[in-house]
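What follows is one structure encoded as structure tokens, with my remarks underneath.
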Amino acid sequence: MESDLTTEHHLPFIRIHKNGRVERLSGNDIKPTSLNPQNDVVSKDVMYSSDHNLSVRMFLPNKSRKLDTAGNKIPLLIYFHGGAYIIQSPFSPVYHNYLTEVVITANCLAVSVQYRLAPEHPVPAAYDDSWSAIQWIFSHSDDWINEYADFDRVFIAGDSAGANISHHMGIRAGKEKLSPTIKGIVMVHPGFWGKEPIDEHDVQDGEVRNKIAYIWENIVSPNSVDGVNDPWFNVVGSGSDVSEMGCEKVLVAVAGKDVFWRQGLAYAAKLEKSQWKGSVEVIEEEEEGHCFHLHNHNSQNASKLMQKFLEFIIS
């Protein structure tokens, strides 16, 4: 029998064993759905891709089920989780709890998307799956979507890798003339990168830059010809055209102690200077780190970010 001794450590994400088995070190826990209201929200899982055994987790405010549906539909939020394309899922407690809070705060129907993870499924699998999920949602294949979703108020959101995915879904929606159109996109601490610092304030040390490059080039996207300058990852500096962004407005959230801080600001500036006709808003928390709102959701700054999220959806 082949040995299962660990041969590669990629902390804090995974271990790859000698026999090829991938051991994920976090993001594996699953929180069950419930049609009995939990914090006044009901939830369910629905498969959207039988080919790849992928599902979405849907969250609905319980009070919406009591409304006369005529004229009372609610915003639809499509959410892409983070985790460096390697870990996490819509079913993990951290994302289940976060989407529950978003839904009850913003009174929206949320659809949290599962996508295939690297290294078993390198990029662009995550992008392909995410677009397939959007197409499935827009095909009105689910009763909650048909009964409660207002397709004049469709939003996309994500954090970290999920924010990167959200950007690319917005671009594809614009290029492919997705109809109805996306009203807005929220990108929280978007995972954009490049071989060189984006500006004089992007002062990550060599070890950090090397680690991010190694993870992208060896685990997430080993077939990238340009490494971390791959346009999937280097949205700001690769010459990617953002003018076809297929939504009306974008909210970019950045954190001053996040390695992606300057990239996020540069992305917002690039979008604003492009030929895109929409509006860009930035919210910045200088003393916070990457995805702080997921791990300290009761903090003042997390509440501030949630309030901005709410205002973006209802305005």
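Note: Cβ is positioned from N, Cα and C throughout, glycine not excepted.
All protein chains shown were included, and the count of other CB atoms within 10 Å of the CB of Ser160 (active site) stands at 24. DSSP assigns Ser160 (active site) to coil, not to a helix or a strand. The active site annotation in Swiss-Prot covers Ser160 (among others).
Sequence-distant neighbours of Asp258 (active site) (same chain, 6+ apart, CB under 8 A from its CB) are His189, Gly264, Glu288, Gly289, His290. In the three-state DSSP reading, Asp258 (active site) counts as coil. Annotated active site per Swiss-Prot: Asp258 (among others), in sequence order.
Taken from Swiss-Prot, the feature active site applies to His290 (among others), supported by similarity to another entry. Every protein chain shown contributes to the tally, and the Cβ of His290 (active site) ends up with 19 other Cβ atoms within 10 Å.
Look at Swiss-Prot and you will find Met1 tagged as N-acetylmethionine, backed by similarity to another entry.
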